[in-house]
Every structure is written in C-alpha cells, then in structure tokens.
Amino acid sequence: MEGGGGGGGGGGGGGGGGGGGGAPYATRTAEEVFRDLRGRRAGMIKALTTDVEKFYKLCDPEKENLCLYGYPNETWEVTLPAEEVPPEIPEPALGINFARDGMNEKDWLALVAVHSDSWLLSVAFYFGARFGFDREARRRLFNMINNLPTIFEVVTGAAKKQAKEKTPNSSSKSNKPSSKVQSKAESRSKSKLSAPKDEEGSGDDEGEEEEDDHDNTLCGTCGTNDGKDEFWICCDNCEKWYHGKCVKITPARAEHIKQYKCPDCTNKRARA
C-alpha cells in the first residue's frame, strides 16, 4: 500500500476506499452524504495540487494497478484496489499510474481529475441508493454537488477563471444577501432574497455588485439559489440563508419569530 498525505488515517489501509473511519455508514441525509463527498473531494484536490510531487512519485508505472482514493477526513491515498468482490463501495479508476510517463504531466493530472470526479459522483449516489433517497433528496444532493467546482476545474485552473468572470466585484462575504442589513426587521429573517429596487440616483456599479451577492447565495438545506423571488429566511445563529419552504417557515409565521434558528442549530443545541 502506498500512503499519501496522511491518507492511511482516512480509510484504514489495504485499498480501503470505502473506509474513511466508517463515516459513510453514519450518513442518512443528502446533506450528510454531501459532507462525505466534500471531504473526499478536498483530499483528492490536495493530491493533485499541493501534494502533487508526492502523488507523482507514488504513481510509479512499474508498480501494479494503483488507484487514488479520497477520504471523508480530507486525506488521500494511492494504493491497490479493494480485494473483496464486489467492493464495499464503487472503486476509483484503476491503473492511473500506467499512463504517467506516456503523457504530459498536466494532461495526466487532468485525466486523473476527470476520473476522480466520476468516482465521487458514483460514491455519492451509491450512498443515495443505499439510504433510500427519494427524488427530492437526490435532487438536493446533485444540486449541492453541482454548485462545487469539479476537481478537473480546480486542477486545470478553470474554476478560478469562472469565479473571476462571474463575480468580478464581489467581496469575501458575497454569499450573504445585502438585503440582510437593510433593517432590523429584515435582519431578523423576514427579508426576501429578491434584489431591492434601486433608489433614484444610486450607482449602476452598486446595483451590479448587489446582484452578484444575491446570485451567490445558496440555501443551507437544498444547496441551490433557485427561487430568488420566493421567501427566504436567515438563521440568526449561523447566518445561513434558507428557502422558507425548505425549513417550513412562511412569511406570516416569520413575522412572529423574534430570533430564528435553523434546524441544524436547533438540533446542535438539543444534543448539547
């Protein structure tokens, strides 16, 4: 087994691509499966970017069929595939090391990235099937995944280019709608996400930046920014925004809520 980036701690060795310390089998919701995928994705991105020299050396073409695994704890590992048939979870691309010396390094890394993206999707929807996700849960899971840049886009630099083209004027807090600071009433979770009408004399640049803010805001439950003209509500604890329909809050009900806490924050407090 070839370890990389502390990967052995993530899966427990021996081609344990499904391991990750047993974390996948504790998941039950689309959001939990997404967190599992996000951790695996982060580990694989490390292998192909910050840890690329180590990854390159581990992928010796003289060795047997090797795979790149990503684990939920954001580590990675280059190792042999799982021995059990069928495997515990879908396996990543086999033999990534064989093409290393026959290709330009950037092209080879991009090829591994494409296969890694494919593997992440197969693992995510394997868990979706295992946990009996219905159509709505599968849709939420796909939308959350689709809102992330692919590994291929990160490795090739396409993700940075897209981000610059999409939000040239946005700040680091652009995922929060500017309507949140308009008034105390709106900051207490009653603001719709639709962009406020510009006052007379307001600059065009300001309006464009505000529009970018709205476009980048994702619902904390379904992971999409669909329905910008619908009612949205903000958690006063974690400051995440949610579709009212996703958290079962109506505008009328919100009028009587002094301080709104989302389901995640409510559950955390109950467990504590």
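One is the number of the first residue shown, and numbering goes on along the chain from there.
Including glycine, each Cβ sits where the backbone N, Cα and C put it.
Annotation source Swiss-Prot lists compositional bias 'Gly residues' at 1-23.
According to Swiss-Prot, the feature compositional bias 'Low complexity' maps to 168-182.
Residues or ranges marked as compositional bias 'Basic and acidic residues' in Swiss-Prot: 183-200.
Swiss-Prot lists 201-214 with the feature compositional bias 'Acidic residues'.
The region 'Disordered' annotation in Swiss-Prot covers 1-24 (among others).
Per Swiss-Prot, region 'Disordered' is recorded for 162-218 (among others).
Positions annotated as site 'Histone H3K4me3 binding' by Swiss-Prot, on the basis of similarity to another entry: Trp232 (among others). Trp232 (site 'Histone H3K4me3 binding') falls within a strand when secondary structure is assigned with DSSP.
Within 10 Å of the Cβ of Asp236 (site 'Histone H3K4me3 binding') there are 16 other Cβ atoms, across all protein chains. Per Swiss-Prot, the feature site 'Histone H3K4me3 binding' maps to Asp236 (among others); the stated evidence is similarity to another entry.
Among the features that Swiss-Prot reports, site 'Histone H3K4me3 binding' is placed at Trp241 (among others). Counting every protein chain shown, the Cβ of Trp241 (site 'Histone H3K4me3 binding') has 23 other Cβ atoms within 10 Å.
Per Swiss-Prot, zinc finger is recorded for 216-268, and the stated evidence type is sequence analysis.
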Rounded to the nearest Å - Cα separation of Trp241 (site 'Histone H3K4me3 binding') and Trp232 (site 'Histone H3K4me3 binding'): 7
